[in-house]
Amino acid sequence: MLGKIFFLLCLSSAWAEDLCSKAVPPEAYYVRLSIKTALGDKAYVWNDNEMFLFQATLAFAMRSQFSGQEYNVSNIVVCDETPRVSFWFVVTSLEDPSRLVSRGDVEQAVRKSRNRINSAFLLTDQTLEFIGITPTLAAPVAPNTPPWLIVFGVVMGAVFAGILVLLVLPLIQKKRKKNQPMEDEDSDEETQVKTAENGPERSGVYNMSFSDDDKFTQM
Amino acid sequence: IMKLKLPNPGLEDRILSHQQLDKVEEEEAGDRPKWDNKAQYMLTCVGFCVGLGNVWRFPYLCQSHGGGAFMIPFLILLVLEGIPLLHLEFAIGQRLRRGSLGVWATIHPYLTGIGVASMCVSLTISLYYNTIIAWILWYLFNSFQETLPWSQCPMNANLTGIISECERSSPVDYFWYRETLNTTPSIEEDGGLQWWMLLCHVCAWSFLYICIIRGIETTGKAVYVTSTLPYVVLTVFLIRGLTLKGSFNGVKFLFTPDLSELAKPTTWLDAGAQVFYSFSLAFGGLISFSSYNSVHNNCEQDAVIISIINGFTSVYAATVIYTIIGFRATERFDNCLSGNIVALLNAFELAESDITDSSYDQVVQRLNETYPDVIQGLDLKTCNLDTFLSEGVEGTGLAFIVFTEAITKMPISPLWAVLFFIMLFCLGLSSMFGNIEGIIVPLQDLKVFPKTWPKEATTAVTCLICCAVGLIFLQGSGNYWLSLFDTYGGSIPLLVVAFCEMVSVVYIYGIDRFNDDIKFMIGHKPNFFWQATWRVISPLIMLFILVFYIITKVSEKLLYKAWDPESEKFPTLVEKTYPVWIYVIIFVLAGIPCIAIPFIAVWKCVKHSSESINLFFFTFQNIQINL
């Protein structure tokens with residue numbers, strides 16, 4: 001039993017090395033990570049352990065997409081790792097290690113679990129790029145009433161209320177004055193006293209040549 | 001020519017003497033409205049003078065004409081042109097106690113044309129200025145959202161991607177040209193009324209109406225808020241701006257002096273024009289406002305104080321604006337650089353730490369030597385901070401495109417957006433108070449409204465008519481009409497009117513009489529500085545500016561910049577020529593107010609002589625009958 005597993009492992013790793021030395025197969029997906037851009041000071045170093053995590057998450061993605069098919073880390077073959085942290089990978093099929101899973105299937109699996117894959121590496125759609133798999137755009141949240149209409153309604157309501165108040169208030173004040181004749185008589189006496197005091201000063205006649213009516217006829 | 005005084009018989013009969021003025025003052029027998037207190041008057045004048053131009057025209061002029069060096073012509077012309085004209089308008093209004101039309105008609109009935117021209121210009125400007133306020137309100141209403149609508153492009157109809165027009169330009173451009181203006185590619189296509197703009201337009205006029213409903217009684221209260229709030233907001237933005245990365249780049253760029261600019265005449269011309277328009281002279285509003293003052297108010301002090309405040313506000317606003325512009329430019333520069341770095345990293349599969357902002361240039365050079373064709377293929381953008389700093393930053397472009405973009409990059413964007421647009425709204429509204437005063441008072445003087453109508457009704461009718469005519473600017477092509485009105489309706493006629501004002505007061509009213517009036521009002525005769533500027537220096541400067549302005553305007557081709565998604569240069573604005581019938585419109589806007597001055601003078605002269613001829617024949621007939 002152990003011997004068989006050992007044999008299979010050797011075979012698959014040999015097969016993997018074989019794959020990497022050949023030209024990039026059409027089923028491959030190119031991956032690029034920008035860890036420093038995303039995390040700045042908190043960036044982790046990319047090493048074999050991180051690569052192992054990547055293979056594991058991809059295996060997880062394949063498993064979630066195709067339920068029942070138990071993909072393993074060994075099924076995810078990674079090649080051409082660069083200092084940029086970019087590489088390409090293929091997924092070997094479960095039944096026959098020499099056959100590769102089609103691009104379409106891999107794409108579906110990645111799209112379904114994209115969020116989980118991103119979260120595993122603390123990255124986003126822009127910093128963990130699968131070249132060829134465009135990130136699905138978030139549907140914009142469109143409120144039923146545009147917010148500006150609500151603010152407009154509030155402001156216009158306030159302005160109209162203000163205009164009404166300013167127009168109606170003097171009319172109400174006039175009515176109140178008419179309904180209070182008693183107070184008027186008292187104020188009349190006061191003004192009479194005042195005019196008596198100002199009497200001598202009003203003795204001049206001033207020439208209202210500055211009169212609106214004659215303005216244009218006087219030349 | 002200094003002491004030249006044209007004959008002006010009958011002047012004494014038309015004006016109140018000094019004794020009569022004192023008497024009217026004591027007994028409060030005049031029926032003119034009055035300011036509640038000095039603060040209201042000062043705030044109203046400051047609000048009228050300090051407007052959108054201080055925020056979006058002056059900083060651009062400053063930066064494009066040699067930064068700190070621009071201050072020199074600006075301050076010189078402020079002292080030689082702005083302050084004397086301001087003092088003149090305040091003094092003549094306070095002395096003759098009439099609105100602008102009344103003042104000129106009183107000085108000499110033939111000069112009524114100056115008042116009519118002032119009124120026409122105030123009308124033209126009010127029409128489009130309130131549309132700008134409508135745009136500000138639209139942006140203000142849209143700022144009450146967590147994600148500002150101009151921060152991202154909307155999706156297209158089938159949700160496969162973003163709208164192409166937005167993708168090719170930018171979210172702020174798209175929001176301004178498409179979702180706000182819904183602009184057409186040329187001025188000939190009118191594009192129909194935009195209903196959302198109509199709502200904002202009506203809102204702007206209603207707001208204005210409620211503030212001017214009873215003249216200065218209500219305006220005086222409104223200015224406590226509209227004139228002071230902009231300063232508060234500017235200070236808040238200054239503090240916020242200085243804490244952002246790259247703000248000092250902006251301020252440095254603004255004030256770095258380039259003294260070679262002083263040799264160019266256009267610098268001086270622009271400085272003079274800016275001082276002039278910034279002080280809202282020749283609109284008639286300032287004459288009106290000062291006529292509500294008490295007769296012994298110190299108008300000389302007021303003129304100097306308001307000029308200083310206006311100049312200070314221009315410089316202060318420029319500083320604030322450029323801290324934010326510096327931030328935006330630095331942000332753009334950083335993005336440009338990172339974009340290039342990422343492209344290089346991806347092409348050459350280098351580790352991320354290999355290229356940093358500082359080592360970028362060396363690395364590019366090294367790679368260019370070894371792999372020149374790859375570098376060519378990458379098509380790297382040139383990232384120059386100065387280019388970003390000088391990108392189209394004046395007028396509506398500054399407020400609605402550049403500044404809004406900068407706001408989206410600041411944390412808590414909706415707050416800054418709301419503050420910014422409230423500030424612009426207050427600046428615009430307080431200037432509108434003066435504009436409307438310059439329309440309503442002459443209309444009252446011309447007796448267009450029946451005397452029985454209350455003040456509320458006259459202001460309502462004026463606002464309604466202006467609102468209706470202003471619908472032109474709400475069409476798809478509205479923006480083009482607005483810049484047409486702005487360029488031709490608000491420039492040349494004002495210069496002509498200002499020149500005529502100075503000449504009328506100094507040579508027709510008489511500088512001696514004017515000096516005596518000022519001595520009566522404030523207690524001392526105006527000193528040599530005022531005499532020199534009123535009689536010679538300011539009219540000469542006005543004449544120069546007017547002549548050069550006309551020459552430059554007439555010699556340049558009539559072009560306008562259009563937003564045309566179909567053009568190849570998109571998203572850069574395309575220059576198109578105006579259609580032929582625009583010349584008629586330009587003549588109406590610029591020519592009619594200017595022609596009104598001599599035309600009305602001649603008409604009055606003819607009427608007067610025909611009346612005297614009639615009078616002569618009437619008396620002749622009487623003599624004959626008596627004989």
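The first residue you see is number 1, and the count goes up from there.
Backbone N, Cα and C define each Cβ position, glycine as well.
Residues or ranges marked as Na(+) binding site by TrEMBL: B:Gly47, B:Val50, B:Asn54, B:Ser278, B:Asn310, B:Leu427, B:Ser431. The local packing around B:Ser431 (Na(+) binding site), expressed as other Cβ atoms within 10 Å of its Cβ over all shown chains, amounts to 27. In three-state terms derived from DSSP, B:Ser431 (Na(+) binding site) belongs to a helical segment.
Look at TrEMBL and you will find B:41-58 (among others) tagged as transmembrane segment.
Summarising the annotation, TrEMBL assigns transmembrane segment to B:70-92 (among others).
TrEMBL lists B:113-141 (among others) with the feature transmembrane segment.
The transmembrane segment feature in TrEMBL is assigned to B:195-216 (among others).
The transmembrane segment annotation in TrEMBL covers B:223-243 (among others).
What TrEMBL lists as transmembrane segment is B:275-292 (among others). With a threshold of 8 Å between CB atoms, the same-chain residues lying at least 6 positions outside the transmembrane segment (B:275-292) that come near it are 32-35, 41, 44-45, 48-49, 51, 53-54, 57-58, 74, 77-78, 81-82, 85-86, 89-94, 96-101, 103, 115, 118-119, 121-122, 125, 216, 299, 302, 307, 310, 314, 431, 433-435, 437-438, 441-442, 490-491, 494-495, 497-498, 501, 542, 545.
The transmembrane segment feature in TrEMBL is assigned to B:304-325 (among others).
TrEMBL lists B:415-436 (among others) with the feature transmembrane segment. Under 8 Å from some Cβ of the transmembrane segment (B:415-436) lie the Cβ atoms of residues 44, 47-48, 50-52, 54-55, 122, 125-126, 129-130, 132-133, 136-137, 139-140, 143-144, 148, 207-208, 211-212, 219, 222-223, 225-227, 229-230, 233-234, 236-237, 240, 280, 283, 285-286, 289, 399, 403-404, 407, 459, 462-463, all in the same chain and six or more residues away from its ends.
As annotated by TrEMBL, transmembrane segment applies to B:457-476 (among others). Beyond the transmembrane segment (B:457-476), the same-chain residues lying 6 or more positions past its ends with a Cβ under 8 Å from any Cβ of the stretch are 123, 126-128, 130-131, 134, 181-184, 189-194, 197-198, 201-202, 205, 208-209, 212-215, 436, 439-440, 443-444, 449, 482.
According to TrEMBL, the transmembrane segment annotation covers B:488-511 (among others).
The transmembrane segment annotation in TrEMBL covers B:532-551 (among others).
The transmembrane segment feature in TrEMBL is assigned to B:580-603 (among others). Beyond its flanks by at least six residues, the transmembrane segment (B:580-603) meets 110-114, 116-118, 120-121, 124, 187, 484-485, 488-489, 491-493, 496-497, 500, 558 of its own chain at Cβ-Cβ distances under 8 Å.
Non-local neighbours of the transmembrane segment (B:70-92) in the same chain are 61-62, 103, 261-262, 267-268, 271-272, 274-276, 278-279, 281, 286-287, 290, 299-300, 302-304, 306-307, 310-311, 314-315, 498, 501-502, 505, 509, 514, 517-518, 521, 526, 530, 533-534, 537-538, 541-542; each lies 6+ residues outside the stretch with a CB under 8 Å from one of its CB atoms. All protein chains included, B:Ser278 (Na(+) binding site) registers 23 other Cβ atoms within 10 Å of its own Cβ. Report note: the Na(+) site is defined by B:Gly47, B:Val50, B:Asn54, B:Ser278, B:Asn310, B:Leu427, B:Ser431, and the residues of the same chain whose CB lies within 8 Å of the CB centroid of those residues, excluding them, are B:Val46, B:Phe48, B:Cys49, B:Gly51, B:Leu52, B:Gly53, B:Ser280, B:Thr313, B:Ser430. Sequence-distant contacts of the transmembrane segment (B:488-511) (same chain, at least 6 residues past either end, Cβ-Cβ under 8 Å): 3-6, 8, 11, 85, 88-89, 92, 104, 107-108, 111, 114, 117-118, 120-121, 124-125, 128, 273, 276-277, 281-283, 531, 534-535, 538-539, 542-543, 545-546, 549-550, 553, 586, 589-590, 593-594, 597. Within its own chain, the transmembrane segment (B:532-551) has Cβ neighbours under 8 Å at 2, 77, 80-81, 83-85, 88, 265, 269, 272-273, 276, 491-492, 495-496, 498-499, 502-503, 505-506, 511, 514, 526, counting only residues six or more beyond its boundaries.
Among the stretches B:41-58, B:195-216, B:223-243, B:304-325, the one making the largest number of Cβ pairs under 8 Å with the transmembrane segment (B:113-141) is B:195-216. Only residues 6 or more beyond the boundaries of the transmembrane segment (B:223-243), in the same chain, are considered here, and those with a CB under 8 A from a CB of the stretch are 40, 43-44, 46-47, 50, 211, 313, 316-317, 319-320, 323-324, 327, 410, 416, 419-420, 422-423, 426-427, 429-430, 433.
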